[in-house]
Amino acid sequence: MVPTNNEKSICVGVLALQGAFLEHIHILQRIPQVSRAVPVRNIEQLDSIDALIIPGGESTAIALVAERSGLIEPLREFVRSKPTWGTCAGMILLANKANKTKKGGQSLIGGLDITVNRNEFGSQINSFESAIQIKHITTSSSDLFPAVFIRAPIISSINSPDVAVLARLQCNNVETDVSAIVAVKQGHLLATAFHPELTNDDRLHRFFVKVALDFLNEQKNEL
């Protein structure tokens, strides 16, 4: 098989139904390998992008708006085949299972073989920042990432050997263990329990773009 020319840039969409989507777009616009960073509110916009970020916000509200907009099934189809990153509420939506949901439960997009606990740390007033090590991102114990946790979930169980743990909490917070998992990767899917878009550190966004480019080029070269 003769390799085709690899893509050097991609169009990244950010689901813009609710939550902190503008902050992601502003960071993406600084990355040379991102040709366009666009808000996604409908199927046409979803069909036009190469990779997707599902931002933090209120996972129940995002799911409800997505259902009413006819986006839930297209999102599930997108996640099965294209690079997607969920942050905070986005991580909940990417999980195959969620605990501590509101009465009646909520719709999930799914894709990641994990179980998450919603609002693990309590309400908005229990928000905090923790400097953590992240595999592929930080380089030493003194080179840490500023992780912002706002009504954040955690990953309570890994349900497949295909899921790689990228980061753990590394600090005591209320009753949550320091070993609590807060970032994972499974193939072309990435999830973080915290809000990297609320910091000046763009390393996770650059990492996601690299993951997306590598995956898309691999898929293209297999054709």
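Cβ atoms are placed via backbone N, Cα and C, with glycine included.
Residues or ranges marked as active site, nucleophile in TrEMBL: C88. Residues or ranges marked as active site, charge relay system by TrEMBL: H195, E197. Here TrEMBL flags G57, E58, S59, R118, I150, R151 as L-glutamine binding site.
Counting other Cβ atoms within 10 Å of each Cβ, the recorded positions C88, I150 show the lowest value at I150.
Counting in whole angstrom, E58 (L-glutamine binding site) lies 13 from H195 (active site, charge relay system) by their C-alpha atoms. Neighbouring residues of the recorded L-glutamine site, listed in sequence order and excluding G57, E58, S59, R118, I150, R151, comprise G19, G56, C88, A89, I92, N119, A152, P153 (Cβ within 8 Å of the Cβ centroid). Neighbour density at the Cβ, taken as the number of other Cβ atoms within 10 Å, is lowest among the recorded positions E58, E197 for E58. Comparing C-alpha positions, R118 (L-glutamine binding site) sits nearest to C88 among the active-site residues C88, H195, E197. Cα spacing between R151 (L-glutamine binding site) and C88 (active site, nucleophile): 8 Å, rounded to the nearest whole number.
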